[in-house]
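Colleague: Dropping the structure in here first, questions after.
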Amino acid sequence: MPRGRIRAKLRQSNLYTFCLRPRTAEEEEPHSFNGPGYSRIVHCNQPHMHCRKPLKYASNYISTTKYNIISFLPKAMFEQFRRVANLYFLLAACLSLSDIAPFSAVSMIAPLAFVVGLSMAKEALEDWRRFMQDVKVNSRKANVHMGDGVFNNKPWQRIRVGDVVKVEKDQFFPADLLLLSSSYEDGICYVETMNLDGETNLKVKRSLEVTLPLEDDMAFKDFTGMIRCEDPNPSLYTFVGNFEYDRQINPLDPSQILLRDSKLRNTTFVYGVVIFTGHDSKVMQNSTKSPSKRSRIERKMDYIIYVLFTVLVLLSAISSIGFAIKTKYQMPDWWYLRPDKADSMYDPKRSSVAAAIHLVTALILYGYLIPISLYVSIEVVKVLQAMFINQDIQMYDEESGTPAQARTSNLNEELGQVDTILSDKTGTLTCNQMDFLKCSIAGTAYGTRSSEVELAAAKQMIEEESEDVHDNGMSGLGPSEIELETVITSKDDIDQKPPIKGFSFEDSRLMDGNWTKEPNADVILLFFRILAVCHTAIPEMNDETSAIAYEAESPDEGAFLVAAREFGFEFSKRTQSSVFIRERYSSAGSPIEREFRLLNLLDFTSKRKRMSVVVRDGDGQVLLLCKGADSIIFERLAKNGRMFEEATTKHLNEYGEAGLRTLALAYRKLEKSEYVAWNNEFLKAKTSIGADRDAMLERVADMIEKDLILVGATAVEDKLQKGVPQCIDKLAQAGLKIWVLTGDKMETAINIGFACSLLRQGMKQIRISSMNNDTKEELISCQTLLPLVTVQAVKENIAMQMTNASQMIKLEKDPHAAFALIIDGKSLTYALEDDMKNQFLNLAVDCASVICCRVSPKQKALVTRLVKEGTGKTTLAIGDGANDVGMIQEADIGVGISGVEGMQAIMASDFAIAQFRFLERLLVVHGHWCYKRIAQMICYFFYKNIAFGLTLFYFEAFASFSGQSIYDDWYMLLFNVLLTSLPVISLGVFEQDVSSEVCLQFPALYQQGPKNLFFDWYRIFGWMGNGLYTSLVIFFPSIIMFHNEAFRNDGQTADMSAVGTIMFTCIIWAVNCQIALAMSHFTWIQHLFVWGSVATWYLFLLAYGTVSPVISGNAFKLLVEALAPAPVYWFATILVTVACILPYLVHISFQRAFHPMDHHIIQEIKYYKKDVEDQRMWTREQSKARQKTKIGFSARVDAKIRHLRMRLHTRKYHPGTEAARPAPSQPIL
């Protein structure tokens, strides 16, 4: 049964003066457009008309997958063979089918197939997950008109252009729709676009008046119409089209368009006709592929591969030249090779041709220098590392039930090399939850609870003052011991009330009706009424609890309404023309519901910075109620309305210092004749057409918004997220630089900077603004000049400010001096231009803290790019809203916070966390571990392949460069795939130089990553040199011991298969013992993989020897009959293995004894349990193990310690001076 229309609802024409408006007769003229870009034709309620071209449009099926059934194989193969190493092995595998290959085809093809197949399986698995997510979306149900006025559920993927869809409250729109009608009388509806732009405030949409009669299901039985409009495009905020219906042509604009993935709110239902489906919809047109990001280690690894390729070609060239010499000068003497009948591969007369052919053979033979399984092993390791990040319970947010999420595993090690963090403020450092905390009414301040800025300052002051100077020096003042705890500041701790979301106000003078006893009760009454009436929110009643919730356009507005309700002025209902307030404390002594007739609404815009409503109260008095920025309100006050201005200004400054967001409230009484005259002017401006319409509305609004009487001011708190100050302090101790990029005004950003300890008392602030006093004077003097001159004057002034600031920093002689750079968005526009950006970057890098205010999303991305490219170091951007997507994608690492601003930041990010504080563990623990694991793993890979591959070269030289391999093909096949792969994977997944607790206690360990101590060229070539040494020790002793010596019981010497097996045994033992020495942390898994790999080699050799000689060849029963009974085999294995690992053992012993690294010292302290036995020593080491920083609580305490030391020094050496001068003032936030 169709649901009835909701009557007597809010009429849209009374709201949103500057956003939407009813159409006038002149505006009903249809749009005129021709040519490309405007060819779409939609037959409403006739989807069958769109089954054939040219009207056949995209289906509503969406796919975000990278592959499909047909394209998977070719595209995945292309992705795999874009890697140089894989391409090389593909060519080698193809050549292995020819006669010139030194190995059998299976020994080359099988490893390549395994490695590439595993990588493709990983790609398929990830794409399958995307496919299942698509299936979930495509299978959602929508209520679609099936004909004859009947609506039935239909999957989204089967919706077609022209379908009429009915969407109910809190449902998503399945496609881009033209709004036809809604449950409201005048066809408006409220839409939440969080998934599109990250904004939580509701948008108002309005249908055409001509379609308002389509009010129920049966009205669509015979409905037809035609839409001519623009072609699919990514613009979310524009739409041009005409709607032909009932022999009329009506122009369309964005106010009638409902976009896919936005949600219907506060509206029972709407009807709409589908215009764009699937990938033609605007949200899908906006979907961009995330930029391809590669870690620095991975990029460096390419250069190492190139080095090894160079070595490979060099060795092949040497081998080819050697073979040519042997062929030309010695081959004729080798009669048994029949040189007189030799083919081109061995023809002494054509030695150059033989050398060229042998070059190909050598390139294949020495291919084991390039680790074929390196890429796939790294991918496996990174996936497992990402799983550990996802499962880390310490990064699980219990409140929201959200774990950390590694959305990509390609950048795990990059987390350990971050140099600069660029952070959003609102929703990232703060909760984006506004709490009404304080207010000023009639010049009197109310509200006793402290803000978090005040709490942080008070607690820090207590801690600093409580630090005593001990006889043994200042050791008791260790900054690393500082931890913040929750401070309860409520005066009524015994009578704690349950917290109310949006309301943290405490003051008995205003609560429970006590405000009626205050001296200015009439002003307080007006203050509360302004809070309850001056807004655009919609009340929603919970059917179960009968509680009223508010859907407001901004969190601030919602906090005001909650505050008004708690003060006894509950906004209960909104009708088409009225607002109803339920007043709990009336003059009659009992609750009463008052109606305020809503005459006009002048809504808030970023340009106006205020909003006003014109209402008529129950006594017939017309009132203008206004709220806005204090600077805007104060300049519009009447002479007799400034009674409380001085006191209110003082309170506003105090609120600003406490990190609170403030608004001023004012009102004006209007005479009836004055209002009527103004309203006529207002209607003329409202219905005007032309480019000057907005200017006319501004002028008319200014006519009424003047001569105001100040009532008071509000102060709401955008709360800091839990643990933000501690996290920033720990990241600063780890040596990370932190920049804040926010859209808030400078004062608010500075206050939050103090709360987070990015700023502190005594830090010298460099404020760069386009509107400082000097600039204003220049602009005044340039008013008569061209705009270009004015812009140039501003630009030159900003350049001068930056030059002076840089000079001041250079001339600063105090080594402990700290500078903070604070710049606004307008100045940043000039600072980011090509001729100034390097100057700006150099200044910012010299400062301890950087805060950019009033920045746009594009500026955030540009600043991130400047830091990334200008410094050449790893950047991390963190944010929670759609306005942060640009910088998240631009940074080397993007971290999204699952806040209240939608999922856009999460979807664009590389890693997702629920709270900013989890960034500490993500970087300091997981980043540190992942960097060292991947670095050690890659170095070890090159070591073992060089050790193995060079033995092939030595033997070929020993065998006259004949291209003969000393190893069985199956040995070579299993070397990288089975016998040495699992230990290195266990190293990459489980290795820990120190535990997670120690990582957090010694944050300076993190600097091993940004300094790249474990993957610099010195260490890489060191491991390569170790591989060269190992290859020499394995080959030559084995050849010497078994070349001419009796090996079997019957006196036979060892043949090539026996020597090859002995050498391979030594290689397996050497590389596995080497990785065991490289590990710092052992679990049973590492033991199983390392020693299991050695055992697997013997089991394989035993099993392989039992196979028919047709397959096993010379390895038939080799272990049982030849090697195992020979003591020299076991002696050689032990001797060679010890000789191989001895230099590394000596090296690490010498390093730990004479040049230990930070983690070496910590490991020894933990091993000998000195951290338990000697707590003072452990605390002292913690104090040392942090980077010198000028931000964070530790820096603040360091400054206090220096101050106390200076006072002690003065008392000791100048006793009279201390008493003579006044005590220095304490830091004030």
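A Cβ is built for glycine as well, from the same backbone N, Cα and C atoms used for every other residue.
Pulled from TrEMBL, these are the listed features:
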ACT_SITE  Asp424  active site, 4-aspartylphosphate intermediate
BINDING   Asp424, Lys425, Thr426, Glu557, Phe604, Lys627, Arg661, Thr742, Gly743, Asp744, Arg854, Lys860, Asn883, Asp884  ATP binding site
BINDING   Asp424, Thr426, Asp880, Asp884  Mg(2+) binding site
DOMAIN    42-109  domain 'P-type ATPase N-terminal'
DOMAIN    907-1156  domain 'P-type ATPase C-terminal'
TRANSMEM  303-325  transmembrane segment
TRANSMEM  353-378  transmembrane segment
TRANSMEM  941-958  transmembrane segment
TRANSMEM  970-990  transmembrane segment
TRANSMEM  1020-1042  transmembrane segment
TRANSMEM  1062-1081  transmembrane segment
TRANSMEM  1088-1107  transmembrane segment
TRANSMEM  1127-1146  transmembrane segment
Colleague: What is the total of other Cβ atoms whose distance to the Cβ of Asp424 (active site, 4-aspartylphosphate intermediate) is within 10 Å?
Modeller: 28
Colleague: Quick one, of the binding-site residues Arg661, Arg854, which Cβ has the fewest other Cβ within 10 Å?
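Modeller: Fewest other Cβ atoms within 10 Å, among the binding-site residues Arg661, Arg854, is found for Arg854.
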Colleague: Give me the stretch from 303-325, 970-990, 1088-1107, 1127-1146 with the greatest number of Cβ pairs under 8 Å to the transmembrane segment (1062-1081).
Modeller: 1127-1146
Colleague: Tally the residues of the domain 'P-type ATPase N-terminal' (42-109) by DSSP class, grouping H, G and I as helix, E and B as strand, and everything else as coil.
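Modeller: The domain 'P-type ATPase N-terminal' (42-109) comes out at 30 helix, 3 strand, 35 coil.
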Colleague: Kindly state the mean pLDDT of the domain 'P-type ATPase C-terminal' (907-1156) in the predicted structure.
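Modeller: Averaged over the domain 'P-type ATPase C-terminal' (907-1156), per-residue pLDDT gives 90.
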Colleague: Looking at the recorded positions listed here (Asp424, Gly743, Arg854), whose Cα lies nearest to that of Asp880 (Mg(2+) binding site)?
Modeller: Asp424
Colleague: Measuring C-alpha to C-alpha, could you say which of the recorded positions Asp424, Phe604, Arg661, Arg854 are within 10 Å of Asp884 (Mg(2+) binding site)?
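Modeller: The recorded positions close to Asp884 (Mg(2+) binding site) (Cα within 10 Å), listed in sequence order, are Asp424.
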Colleague: For the transmembrane segment (1088-1107), could you work out the same-chain residues 6 or more beyond its ends whose Cβ comes under 8 Å from its Cβ atoms?
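Modeller: Same-chain contacts beyond the ends: 970, 974, 978-980, 982-983, 985-986, 1061, 1064-1065, 1068-1069, 1072, 1075-1076, 1115-1120.
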Colleague: Calculate the distance in Å between the alpha carbons (Cα) of Arg661 (ATP binding site) and the residue listed as 'active site, 4-aspartylphosphate intermediate', and round it to a whole number.
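Modeller: Per the Cα atoms, Arg661 (ATP binding site) and the residue listed as 'active site, 4-aspartylphosphate intermediate' stand 17 Å apart.
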Colleague: Counting every protein chain present, what is the number of Cβ atoms, excluding its own, within 10 Å of the Cβ of Gly743 (ATP binding site)?
Modeller: 21
Colleague: How big is the gap, in Å, between the Cα of Asn883 (ATP binding site) and that of Asp424 (active site, 4-aspartylphosphate intermediate), rounded to a whole number?
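Modeller: The separation of the Cα atoms works out to 9 Å.
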Colleague: Using a 10 Å cut-off, grab the number of neighbouring Cβ atoms around the Cβ of Asp884 (Mg(2+) binding site), all chains included.
Modeller: 32
Colleague: Could you tell me the C-alpha distance between Gly743 (ATP binding site) and the residue listed as 'active site, 4-aspartylphosphate intermediate' in angstrom, no decimals?
Modeller: 9
Colleague: Inside 10 Å of the Cβ of Phe604 (ATP binding site), count up the other Cβ atoms and send me the figure.
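Modeller: There are 21 such Cβ atoms around Phe604 (ATP binding site).
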Colleague: Between Arg854 (ATP binding site) and Asp424 (active site, 4-aspartylphosphate intermediate), what is the CA-CA distance rounded to a whole number of Å?
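Modeller: Roughly 11 Å, rounded to the nearest whole number.
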